[in-house]
Amino acid sequence: MRQLLLRAARAGVPLLRAGPGCPGEARLSHSDPQGWDGRGGEEEEEDVEEEGWPRLYPGHIPTSPLQKALLAAGSAVMALYDPYRHDMVAVLGETTGCLALPNLRDKMKHHPEGYRILQERPRIRLSTLDMSRLRGLPDGSLGREYVRFLEDNKVSPDTRMPPKFVDDEELAYVIQRYREVHDLMHTLLGMPTNMLGEVVVKWFEAVQTGLPMCVLGAAFGPVRLSTRKLQVLATELVPWAIQSGLNASCVLNVYYEQRWEQPVESLREEIGIFPPPAVRV
């Protein structure tokens, strides 16, 4: 139990106790924003060595099934309480994706473009993006609309958490890739980052990925919406998101970094995403 509490504290999972260090104080470390080439502290190395569980990639924290269940329960509670706690959403995704992640990895392995992504391991970060070039692309192109989305919603690709609790190096990259293309899903679906937009994207991603984290967000996210937005969500946006998710090919099989010049409408059609409903989100 002591080892689990240490791991939870390092990962930012709130501990259920009163006094200093209450829920929300600890956060996932940002010391290694890349998540693949950093090293943890000496204490973490010693803990892993003592238990005989090797680290499979930089930042990896080995956990048993019971520990994963406890981490999943704690992060689920906090994610439901505050959907914008991205650190808790990240932990929930990693500790509950044991079935969905291998399925996504297999889809990528059996697709030419997806296989290349797995082999080359591209990253979507400010350090890998030529923002000036993307801003200079024509309106309607994927690159220009992606940058417009980032700037209009004041978000950055560098805010995505590195994986810690996935006990397979390749699957850790799969969930990292999923996180880094999330903003591209907003761009392709034409959804903002407000609660309604996030719920719509989660419905699409739940159908596409099967990740329990996405299912949870899709199911419980609407409780914070107004009656009017709930009506729009139920009658137009959710049916469209589900149909698009079912009709679309796997969104992880697109090498977006090589599609910046492609028009968004053309890429939607290629993937199989239906045009967004003409409603204000």
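Every residue, even glycine, has its Cβ placed from backbone N, Cα and C.
Going by TrEMBL, these are the annotated features:
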- H182, D183, H186, E198: Zn(2+) binding site (BINDING)
- 42-51: compositional bias 'Acidic residues' (COMPBIAS)
- 19-59: region 'Disordered' (REGION)
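Contacts of H182 (Zn(2+) binding site) defined by a Cβ separation under 8 A and a same-chain sequence distance of 6+ are given as R160, V201, E205, in order along the sequence. When other Cβ atoms within 10 Å of the Cβ of D183 (Zn(2+) binding site) are tallied across all protein chains shown, the result is 21.
Local packing around the Cβ, expressed as the count of other Cβ atoms within 10 angstroms, is greatest for H186 among the binding-site residues H186, E198.
Listed in chain order, the residues near the Zn(2+) site other than H182, D183, H186, E198 are V155, L184, M185, M191, T193, G197, V201, each with its Cβ within 8 Å of the site Cβ centroid.
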